[in-house]
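What TrEMBL records for 1-360 is domain 'Major facilitator superfamily (MFS) profile'. Taken from TrEMBL, the feature transmembrane segment covers 20-40, 52-71, 77-98, 154-176, 188-210, 217-237, 266-286, 298-317, 337-356.
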Amino acid sequence: MPFVAGFAVITAAQNLWMLLGGRLLTGLACGIASLVAPVYISEIAYPEVRGLLGSCVQLMVVTGILLAYLAGWVLEWRWLAVLGCVPPSFMLLLMCFMPETPRFLLSQHKRQEAMAAMQFLWGSAQGWEEPPIGAEHQGFHMAQLWRPGVYKPFIIGISLMAFQQLSGINAVMFYAETIFEEAKFKDSSLASVVVGLIQVLFTATAALIMDRAGRRLLLTLSGVVMVFSTSAFGAYFRLTEGGPSNSSHVDLPAHLSMEPTDTNMGLAWLAVGSMCLFIAGFAVGWGPIPWLLMSEIFPLPVKGVATGACVLTNWFMAFLVTKEFSSLMEVLRPYGAFWLASAFSIFGVLFTVACVPETKGKTLEQITAHFEGR
């Protein structure tokens, strides 16, 4: 008995460490990588290919998720966890051979451009080699928020991250497998793979056309597609909703079961099409572009703090939407919740048209000059 009890304690401790350690590593990896990777890429890339390289960050995220789904079919959960440790370990090894700062990777021509940007931002090119001496230039001070070249991109970055999550992407992903079940797929677990394939395909498409079509156009088209698809998604829930219920819990299958089977199956295909269209639209624009713009629009003296604030906003809004969406479905009903997401997508499109500048092919100096009205 003591041996059995001791083994149970050890097993419980291992499971707890897997849970806490895994989530801690996920938070550190997502937080640090999402903060550093887009900024690093934007600093080492020529403006002509910055969109392609920046979009590859998002492409690697969705590709990794797809590979996890595929690996989950053939591996036990324990080996799947072990496999998940391989890419970050390899990345850690490569990081040991990377320069301390991206400026050492720049060509002579790019170096001259950067020095000119330093001269414009700091009044001299000294900041290229060492940070300017003087407390007024070091880090983020609140006085810099009064500069149009700082507060305008700061508002844009924060807003884009908020609209990205308010579009309802997490809610759609949450119901993906249930929707495929209602459409009578033989294997509803294929939903995750289908969703992953759509994300990879259209994120790769966005990466290829980003530097040709531009950020504003893709954001606008992506938003319009998302408005249409979430509106159709809401219509699907409205059409399949049964009569009044005394239950305070909103259960998706319960709403679908009130209609005849043939009708439900036909409408379920409407939901599948709307979901796939939404994911494709999101992957083309509102998935990768907010992260790319975040790395392009901030002046160097405030880039670290401003980028961190954008990342924090994104994760906070993701948590808020995920946590409160069920409550919204109880108050507004499922169709109302998705129509609300459609309304937020409309606001996102209007905000893009009114406030977001086109940054494709532009240097940091040109982008800063745009915000300062020069």
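Along the chain as shown, residues are numbered 1 onward.
Backbone N, Cα and C define each Cβ position, glycine as well.
All TrEMBL annotations are machine predictions without curation.
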### Query
Are there three or more C-beta pairs under 8 angstroms joining the transmembrane segment (337-356) and the transmembrane segment (188-210), sequence spacing 6 or more?
no
### Summary
Contact count check, CB pairs under 8 angstroms to the transmembrane segment (337-356), set 77-98, 154-176, 298-317; argmax is 154-176
### Message
Below 8 Å between Cβ atoms, which of the listed ranges 52-71, 77-98, 154-176 makes the most pairs with the transmembrane segment (298-317)?
### Response
154-176
### Task
Restricting to the domain 'Major facilitator superfamily (MFS) profile' (1-360), report the mean pLDDT as a whole number.
74
